[in-house]
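**Student:** Let me give you the structure first, and then I'll get to my questions.
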Amino acid sequence: MGTSASKNFDSSHGGREGQLYVSLKMENFNIGGYLIPHVYGSVPIIGSWDPTKALSMARESASMWELSFVVPSNLEALDFKFLLKPKYGTTPCVVEEGPNRLLTGGTLEEGDARPALFKVSGDEVVLEYKVFMKADIVSPFDLAASWRAYQENLQPSRVRGIPDVSINVAPEAGVENGPASTLELDLEHYVVPAPSSSTRVVYAANLTENPRSLLNTGSFSKHDAASGGSYGSTKTGLFSLDYSNTHKDMDSVVSDPPKLLTAPGMVESKSVGTFSPLPKQDVQKGLFVDRGVGSPRLVKSASAGLFTFDLKLDSETKKGMPAAAGAVAAAAIADQMLGPKEDSRLAIVLVGLPARGKTFTAAKLTRYLRWLGHETKHFNVGKYRRLKLGTNQSADFFRGDNPEGLEARNEVAALAMEDMIAWMQEGGQVGIFDATNSTRNRRNMLMKMAEGRCKIIFLETLCNDERIIERNIRLKIQQSPDYAEEPDFEAGIRDFKERLANYAKVYEPVEEGSYIKMIDMVSGQGGQIQVNNIGGYLPGRIVFFLVNTHLTPRPILLTRHGESQDNVRGRVGGDAALSEAGELYAKKLANFVEKRLKSERTASIWTSTLQRTILTASPIVGFPKIQWRALEEINAGVCDGMTYEEIKKNMPEEYESRKKDKLRYRYPRGESYLDVIQRLEPVIIELERQRAPVVVISHQAVLRALYAYFADRPLKEIPHIEVPLHTIIEIQMGVTGVQEKRYKLMD
């Protein structure tokens, strides 16, 4: 009862030479984590029968514990026993009943896979553990492989000690692709509809913040604060605004003050905890750190002027919390404690002539900061101008010697700035102020308004490439509401160029305050970036992002690995090989990539270091392959290898916690979705920097996070984004924004 047959291997097994790899496992479905199995015995385990020196077994799943070790293949004898130690307290350990277990000459003695029996509570209770023991001679090369894959697939893993990033630039030769004639090569045959919430394409500036001061609304909506707007994709895949939600937000009036008041400078991290610098009051000083999923907020008492902690959070409050990952929050805390109070709120003020890519740069930066978990909004002054003054201003309105036009433009700029600062005082972290701001007088006005309320960094975009300027002008005439009623396209171009000339006559480059200058950076080919008086974690991340961004059009293909054996079994994580269906998908994917990127020989293939992605990429030839440890699936910790039914049965509290908040839930000894976002930041930066197409073959949680970045989806939606097997998501990046197309190669 409760035994597992042990396999005996002698030192010549399989004709191989090497070392003896021993795996000891114990299983009990009814015992919680308060008793930890240990092993002790002769050399080379610990060389002591002192229970205090016993080796702890690692928890492989909710019910399974394991200890693996290597001994010389010529070891004459090894004897050992199991014992249980309490996780907490000083209760004596319990040694298993029966004789010692023996391994002699590389062979497990008969019967040594007998169940382990432990008498506890004065011999009144007997605990029984199933025991699984395996021994095999393996080469040093095989020792680098995953033991899990070795056990489940009856062969060493094909992943061998790979570093965080490794590159194989040589095309693989001799890979069987399968006859192309048996695989459908018409790419359009595979196109499937992309998720969509709107069918209208919207001008980029219209995706920015709605002017609160001009719409007579009392507050920014919760929807906007949490997600920055509702986005979808059109039938053709161009992401656009959900107008039904937009109009609803524009017409709503919030009269009641918010119940929860965020203290100035408070930054929250849902991957590590919540760090809350308290207001400067005599009775409340220092930092509060909460390690739980539901983090307390500071609440002002109605009967007193003090802030207290409210530990009762409803689901909506949790979802609305900022969710910057651990390292980001920790660095932000340091900045706030060491710097002025206004440094906790950052205003990025764009500067530059029209058609220099300001709005595009602002939109990309907004998307990046939101994805990292920072509350960020994009305020476009042109949107304010059109709402207040209409869309029929001619080029004369923008002359520097037109006092009425200058006064009107300064007025809408001040309205936008007041809205942005008001939003920051309600809890916003980063406001991006998008306008030409081309004179010192305008910039001085903004700095005076921001004094003591937020820190300003000017972001100036300079472009001297006439080709790029001409292209941007034509896009402006096609998309801007300013020219929606102009039937003559060429007349629109002439008017806009006259407007541009009016701005150029009075343009004054930034030389004051903190600033970042992007000079000829939009092409991705050279250029330079200048910084002045820039310090702190977040400004540093912004500079690093801007250094790597450009407007070069290129596709990024996202796909999950082919179906794995663990997918068939319904198991989480692991490092299993592909199923038959997965192997077929790998061949179809190779043919798809060959046709889709046949003229893009500078493309590259990115995979994780797990074998199911490497095997999926193996039939693809002619492109360099890069393996990223950062692209590995979310770490399920002690739940790795379990099915969700097993988790529900054996770890019901963990199952329910994950069900309530998948974004912030962290597997025991594993990761949360916010942790995945944190480790994917270098991948995002590199994808932005690349000028050639990239094929990313990864895993569901990782691709959800990557897709959310490009689609500008709110953090709370990431765990629920649909990324099906055997489907390719093509993201087209370029000057018109982000477009999406999906191909389903097989069911």
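Backbone N, Cα and C atoms are what each Cβ position is placed from, and that goes for glycine too.
Just so you know, TrEMBL annotations never went through curation; they're auto-generated.
According to TrEMBL, the domain 'CBM20' annotation covers 14-120. Annotation source TrEMBL lists substrate binding site at Arg560, His561, Gly562, Glu563, Ser564, Gln565, Asp566, Asn567, Arg612.
Explain the structural surroundings of these features, please.
**Tutor:** Long-range Cβ contacts of Gly562 (substrate binding site) within its own chain (separation 6+, distance under 8 Å): Leu578, Ser579, Ala581, Gly582, Glu583, Leu584, Tyr585, Ala586, Leu589, Arg612, Leu615, Thr616, Leu725, His726.
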**Student:** I'd like to know which of the binding-site residues Arg560, Arg612 has the most other Cβ atoms within 10 Å of its Cβ.
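**Tutor:** That would be Arg612, with the most Cβ atoms nearby.
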**Student:** Who sits close to Ser564 (substrate binding site): which same-chain residues at least 6 apart have their Cβ under 8 Å from its Cβ?
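**Tutor:** For Ser564 (substrate binding site), the qualifying residues are Gly574, Ala576, Ala577, Leu578, Ser579, Gly582, Arg612.
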**Student:** So if I draw a 10 Å sphere around the Cβ of Asp566 (substrate binding site), how many other Cβ atoms end up inside it?
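**Tutor:** A count of 21.
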